[in-house]
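Peer 1: Please read through the structure below; I'll follow up with questions.
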Amino acid sequence: MADTLEFNEIYQEVKGSMNDGRLRLSRQGVIFKNSKTGKVDNIQASELAEGVWRRVALGHGLKLLTKNGHVYKYDGFRESEFDKLSDFFKAHYCLELAEKDLCVKGWNWGTVRFGGQLLSFDIGEQPVFEIPLSNVSQCTTGKNEVTLEFHQNDDAEVSLMEVRFYVPPTQEDGVDPVEAFAQNVLSKADVIQATGDAICIFRELQCLTPRGRYDIRIYPTFLHLHGKTFDYKIPYTTVLRLFLLPHKDQRQMFFVISLDPPIKQGQTRYHFLILLFSKDEDISLTLNMNEEEVEKRFEGRLTKNMSGSLYEMVSRVMKALVNRKITVPGNFQGHSGAQCITCSYKASSGLLYPLERGFIYVHKPPVHIRFDEISFVNFARGTTTTRSFDFEIETKQGTQYTFSSIEREEYGKLFDFVNAKKLNIKNRGLKEGMKQSYDEYADSDEDQHDAYLERMKEEGKIREENANDSSDGSGEETDESFNPGEEDDDVAEEFDSNASASSSSGDGDSDRDDKKPAKKAKIVKDRKPRKKQQESKKGKDPNAPKRPMSAYMLWLNASREKIKSDHPGISITDLSKKAGELWKAMSKEKKEEWDRKAEDARRDYEKAMKEYSVGSKAESHRGERSKKKKKKQEKQMKGKGDKKGATSKSSSSKSPAKSMSDSFKSKEFVSSDESSSAESKKEDSEEEGAASPPPSSEDSASGSD
């Protein structure tokens, strides 16, 4: 007989919601760990009073009753596990695991039995349904009627909110059956009633979540937040964890209370209660209890009169009442010596605290991530600047948290911390970081054949082959289009030596005219092949041969109609899953037959591609010849245009004054008398002839050319 039994994917029923987790039975007792919250329920073996095995909605369930009246329900067992559990209970807990089935007659009248924290509605000896009284939020009475209201379950789409019981009148005098029923419910229900005086009151505390200033009244079983607008009553049973975190400025302290279920305000849910204290604030506190009661209840953890810092008093009282440890930052120290890192999460700046068993971010929105739920972490480059980096965390459920704008100096400290905690780091690659976590789930991934992934792989191979073919057929021009060395030289010439020489020279116009066409021609030459490459990527030739399909896709096309006929009404996604299962279960001989067909299709495709590429090369060759011819004609036309421009330039240099006067003439300067204008033209020409200098050697040379 094994000393322990472990079960995964077991569901615990708590306040109407089914929380999944892991259940372990050992000699010492029963331990259940909630996968969502990490909360651990521990039932000692000596406390177990009864064990019941029965059929439930999720297969079979186990109900455990303790000697102090608590009830624990676990669902998700298989029928074959009954013998193993029954033997374990007999050997280690000395209990008989009784089999009890629920009554399914459908009657709505019977007897109500109260046992511990459970209300059971029975027909005869068989229970019809059971209601844990801790789920009840309110109980009201009417004439021969009792109404139970329940806590809303945020995780469920549909929640049971109310049940009404009709209680028939009895002949007994002095006993009202309705009131007796209600009192039995209220004695065990989770109904918060502020009866009596508070143990102590903290006035006007600054609360960040929910925002505002609140008076905190401490009662024996719950915490009462009283603000100007809202009131919240928080049972101590809903408190998961307590955190005491120093602010980066070393002058303030955060006190964080983690809640499950959260407190609600309309549609808003507050999973964390965050209080902010100044270290300088002191308080003297007197508990509203006598010294004997304080000693009996708190066993030395609290005294009637206490004094000290405000944050110390609040945390000390909460620790004693909730009976949970306070989590503080561990050995981590950042670049500035603080125990936290300044970062941003969802566009809000805050502080990230690396703890001994997780990370917590405060304050908007507060986030707590345990190490055991982290799949891997990633150090990413900052999106806006290189002076910061991002820290990404992905959980096993697939949720991703990105903490951005972390100072670059914090990288070494944070990396060493993550490495010391043996978390998977994605940046290391598959060899070191992700290999272990991938192997854990390798079996489950391989069980299903992913048709979409197979198709993408096949298309990727063919795309690479086409890219290689096109690069071989595009000629040498494409290979020469990108030359980093030459491009760097061109930039240096343009902006360093030649650009300054042309701007400083006296004959700037002629130099620029000579250099500009050469530059433009070179830029066009560099960019043309790239344009060709882009056009060839965008356009798809309809005459090109179609890509061959893989063996799986050939089989799927042939078998699709048969699968549809065997499973009428099947969706596309379910069809692909079913096809993957059939393909995986197929024998090796049948798969080889489809592999041969795929190989034949691939050979035909390669043959067709060769013929197609030969034809396309010939066509492109003819196109290049016609383009070269056009370029030659354009150069000749351009040469003639340059000659005309040179002659006109020489003539304009001989008569600069005339051209200047002509260029600046307007209608206002033109006289209506033609004779006077003619005379003025003659005088101007004589003056220009006398004043014009002899032509330079450069002008004469350009004229002779």
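Glycine is treated like the rest: Cβ placed from N, Cα and C.
Straight out of TrEMBL:
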REGION    458-551  region 'Disordered'
COMPBIAS  474-496  compositional bias 'Acidic residues'
COMPBIAS  497-507  compositional bias 'Low complexity'
COMPBIAS  517-531  compositional bias 'Basic residues'
COMPBIAS  532-544  compositional bias 'Basic and acidic residues'
DNA_BIND  545-613  DNA-binding region
DOMAIN    545-613  domain 'HMG box'
REGION    609-705  region 'Disordered'
COMPBIAS  624-633  compositional bias 'Basic residues'
COMPBIAS  634-645  compositional bias 'Basic and acidic residues'
COMPBIAS  647-663  compositional bias 'Low complexity'
Peer 1: I'd like the per-state residue tally for the domain 'HMG box' (545-613) from DSSP, helix first, then strand, then coil.
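Peer 2: Taking each residue of the domain 'HMG box' (545-613) in turn, the totals are 56 helix, 0 strand, 13 coil.
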Peer 1: Cβ under 8 Å to the compositional bias 'Basic residues' (624-633), counting only same-chain residues 6 or more beyond its ends: which ones?
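Peer 2: Sequence-distant neighbours of the compositional bias 'Basic residues' (624-633): none found.
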Peer 1: With helix taken as DSSP H, G or I, strand as E or B and everything else coil, how many residues of the compositional bias 'Basic residues' (624-633) land in each class?
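Peer 2: Summed over the compositional bias 'Basic residues' (624-633), the classes give 10 helix, 0 strand, 0 coil.
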